[in-house]
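To keep things clear, I will list the structure first and then write my remarks on it.
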Amino acid sequence: MALIICFYYPISLGEAPDSDHTLKEKILGLGLKSAVILAGALVCLFLALQWGGTKHPWSDSRVWGCLVGFGLLLTLFVYIQIRQGEAALIRPRIISQRSVFLGCLFSALYQGAMTTQSYHLPFYFQAVKGVDPQSSGVDILPHGVTVTIATLITGSIITWLGYYVPFMWAGSAIFTVGAGLLYTISQNTPLARWFGYEVLAGAGFGIAIQIPIFAVQVVLVAGDIPLGTVLIILSQALGGSVGLSISQNVFQNSLRQRLNTIADIDIQAVIAAGGTDLEHVVSADSLAHVRDAFRYGISNAFLVSTALGGVAFLASIGMERKKIKSKKEGGE
């Protein structure tokens with residue numbers, strides 16, 4: 001919400017502040033009402049995902065009540081945006097533009113998929129492979145470093161060629177393949193394989209994550225570009241949070257499901273350990289089974305990442321196939 005409030009209004013677009021309105025009118029013009037409604041909707045969603053299947057069963061009134069509250073508040077938020085038009089927190093004229101809408105959808109799905117991977121990869125190395133936190137930090141470097149390298153190289157190529165949509169397709173396809181391969185990893189997966197899987201997923205993400213930013217700069221007029229850009233950034237932030245909440249719910253439920261089949265262990269103690277020092281929490285006879293339970297939960301979380309990446313790829317197909325104008329072309 002702070003992104004919109006700070007960057008979404010005329011003063012952030014280089015226009016002179018409006019001195020013809022009172023302080024109250026200026027505060028109301030920030031769209032705080034809409035921001036509070038959207039924040040309330042997200043809180044309801046996060047609570048439902050946090051509680052559902054772990055703290056409370058999905059049939060519990062507190063869980064489905066939060067889901068109902070999320071739906072109602074989100075519907076109210078959309079209604080207010082449509083009714084307010086140009087005064088809305090999220091202006092319908094901009095979000096309804098094809099490439100902007102699909103770019104926001106793509107960004108939310110893609111960031112959700114990547115956040116899921118980034119969060120659960122250390123768990124794989126610590127809980128499944130049994131390495132210490134420092135070593136797991138080294139083991140996930142191929143994932144993060146490849147993202148940075150791919151982002152820099154792709155940005156330069158797009159600036160040179162002018163075409164950006166094909167990179168969106170290629171990046172999301174590569175990422176989805178990498179995410180699917182990460183789903184297959186186990187305690188015995190050799191270094192060469194998981195290293196390659198990380199590189200694939202990281203490269204795919206780095207290639208495509210910045211494309212929606214390029215798109216809004218092409219399809220929107222100059223005065224609307226900051227608004228479109230902040231919508232993409234907001235979508236990434238929300239997508240990452242929601243995607244992580246969903247994958248965490250899947251991970252926790254899958255982990256508990258497997259742990260319930262293992263005799264003579266303290267499930268709460270295992271979960272509280274967070275995947276580290278499991279050999280000090282369970283007996284040697286149960287350790288392999290507990291590590292496999294974590295493997296099962298993490299694999300299912302990676303399945304969420306794979307699904308999000310696949311849907312993001314489908315969203316990218318609908319993007320408008322336009323070209324970034326060079327300085328020479330722009331001056332003609």
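Any Cβ shown, glycine's included, is placed from N, Cα and C.
Among the features that TrEMBL reports, transmembrane segment is placed at 27-49 (among others).
If you look up TrEMBL, you'll see 61-80 (among others) marked as transmembrane segment. Under 8 Å from some Cβ of the transmembrane segment (61-80) lie the Cβ atoms of residues 33-34, 37-38, 40-42, 44-45, 47-48, 51-52, 88, all in the same chain and six or more residues away from its ends.
Annotated transmembrane segment per TrEMBL: 100-120 (among others), in sequence order.
The transmembrane segment annotation in TrEMBL covers 140-160 (among others).
Annotation comment: TrEMBL describes 167-185 (among others) as transmembrane segment. Here the transmembrane segment (167-185) has Cβ contacts under 8 Å with residues 106, 110, 113-114, 117, 121, 124, 128, 150, 154, 157-158, 193-194, 196-209, 211-212, 295, 299, 302-303, 305-306, 309-310, 312-313, 316-317, 319 of the same chain, all six or more residues outside its ends.
Residues of the same chain lying 6 or more positions beyond the ends of the transmembrane segment (197-220) and with a Cβ under 8 Å from any Cβ of it are 94, 97-100, 103-104, 106-107, 110-111, 113-114, 117, 121, 140, 142-151, 154-155, 158, 164-165, 167-168, 170-179, 181-182, 185, 227-229, 231-232, 235-236, 309, 312, 316, 319-320, 322-325. Summarising the annotation, TrEMBL assigns transmembrane segment to 197-220 (among others).
Under the heading transmembrane segment, TrEMBL lists 227-246 (among others). Cβ atoms under 8 Å from those of the transmembrane segment (227-246) belong to residues 3-4, 7-8, 42, 45-46, 49-50, 90-91, 94-95, 97, 100, 103-105, 107-116, 119, 209, 212-213, 216-217, 219-220, 304-305, 308 of the same chain, restricted to positions at least 6 beyond its ends.
The transmembrane segment annotation in TrEMBL covers 296-318 (among others). Taking Cβ pairs closer than 8 Å, the transmembrane segment (296-318) reaches residues 98, 102, 105-106, 109-110, 112-114, 116-117, 120, 123-124, 127-128, 165, 168-169, 172-173, 175-176, 179-180, 182-185, 204, 208, 211, 243, 246-248, 250-252, 254-255, 257-258 in its own chain, all 6 or more past its ends.
Nonlocal intrachain contacts for the transmembrane segment (100-120), taken as residues 6+ away from its ends with a CB within less than 8 angstroms of a stretch CB, comprise 94, 140, 143-144, 147, 168, 172, 175, 179, 182, 201, 205, 208-209, 211-212, 215-216, 219-220, 228, 231-232, 234-244, 246-248, 251, 298, 301-302, 304-306, 308-309, 311-312, 315-316, 318-319.
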